[in-house]
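Inspection log for the structure reproduced underneath, given as structure tokens.
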């Protein structure tokens with residue numbers, strides 16, 4: 001079986017090596033001629049999968065995309081040809097949720113304003129919004145969810161209006177897809193009027209799409225209201241964010257909230273599982289076996305951690321300050337934004353760090369937060 005795979009997709013050899021011959025290709029320049037005799041095609045978002053690419057192939061058994069979105073894939077064409085397709089929804093959700101949570105802990109320390117006791121509004125309750133809520137709820141934080149589409153679909157969770165979040169939330173974390181038209185348009189969902197309506201001292205975290213906030217309006221409002229604190233991982237006009245906006249953010253990064261080693265591996269692993277299912281063979285590989293050993297074997301806790309100690313545990317896994325500093329130093333360079341993304345040392349997730357604790361205090365919340373080893 002000939003497996004054509006984007007050369008930048010990780011962990012392909014250990015997962016798919018037993019299933020066929022792996023042929024790495026440049027996903028951006030892939031041609032119909034290269035695909036002609038492939039049995040399996042594994043791509044990323046840089047490859048347009050359509051009739052032009054696949055019309056010369058009559059033996060394709062499976063197309064997989066190690067991505068959350070499917071904008072680059074002509075799903076109707078694949079369905080017409082009866083070619084099975086799978087992507088990797090939610091593969092980086094844990095990474096995004098932990099990134100947002102860590103950013104909130106960092107702001108809490110910087111401004112001596114504890115996260116505990118605050119109300120967090122999450123706009124968008126899909127995979128990444130749900131992962132963020134999971135972290136916050138594990139820590140005992142009250143969460144308000146806004147997602148009119150999920151609510152209309154009958155999702156059993158409690159939802160509130162965006163106006164309620166604007167009025168009540170101390171922190172707002174954005175997790176919606178970009179939608180440019182229709183009833184639930186998200187482009188400039190946070191326009192000048194909504195930004196001005198935010199509660200005093202609101203923290204605004206954006207880990208979804210830059211266009212969800214009107215960036216020009218954000219500059220204007222932030223200059224008028226220094227009480228607003230910003231964490232921006234995404235920007236209008238990527239890869240060239242407005243240079244005057246970056247200094248106004250407390251933490252600024254180049255669209256890397258989802259960049260974890262676990263998330264990267266999970267995307268490929270989900271495609272491996274799907275192909276094994278299609279071939280009716282056992283998926284006997286383990287996701288954990290793919291990942292390198294974490295550089296800290298375990299952390300012994302003498303007591304259940306307070307918020308300052310929790311931030312230190314989080315920093316053992318990922319220190320947001322490092323990426324923030326690097327981004328500020330490089331984003332104005334030619335290709336600085338994309339270069340930092342391409343060369344990013346994918347961080348680990350909380351699960352990489354084992355905690356050892358023999359005390360009597362209740363520490364299940366650390367396990368719920370994602371750390372391993374707690375209470376075991």
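From the backbone N, Cα and C atoms, a Cβ is placed for every residue, glycine too.
Feature annotation from Swiss-Prot assigns active site to 209 (among others). DSSP gives residue 209 (active site) a coil state; it is part of no helix or strand.
The Cβ of residue 238 (active site) lies under 8 Å from the Cβ of 210, 254, 255, 337, each of which sits 6+ residues away along the same chain. Positions annotated as active site by Swiss-Prot: 238 (among others).
Feature annotation from Swiss-Prot assigns active site, proton donor to 255. Neighbour count (other Cβ atoms within 10 Å of the Cβ, all protein chains): 22 for residue 255 (active site, proton donor). Residue 255 (active site, proton donor) falls outside any helix or strand according to DSSP and counts as coil.
With a cut-off of 8 Å between CB atoms and residues at least 6 apart in sequence, the same chain places 44, 45, 87, 88, 267 near residue 67 (substrate binding site), listed in sequence order. Taken from Swiss-Prot, the feature substrate binding site covers 45, 67, 259, and the record attributes it to sequence analysis.
The NAD(+) binding site annotation in Swiss-Prot covers 147, 233, 258. There are 27 other CB atoms within 10 A of the CB of residue 233 (NAD(+) binding site), with all protein chains counted.
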Residues satisfying Cβ distance under 8 Å from residue 259 (substrate binding site), sequence separation of at least 6: 92, 95, 341, 344, 346, 347
For residue 209 (active site), nearby residues of its own chain (Cβ under 8 Å, 6 or more apart in sequence): 176, 177, 178, 186, 234
Residue 258 (NAD(+) binding site), number of other Cβ atoms within 10 Å: 21
Per DSSP, three-state class assigned to residue 147 (NAD(+) binding site): coil
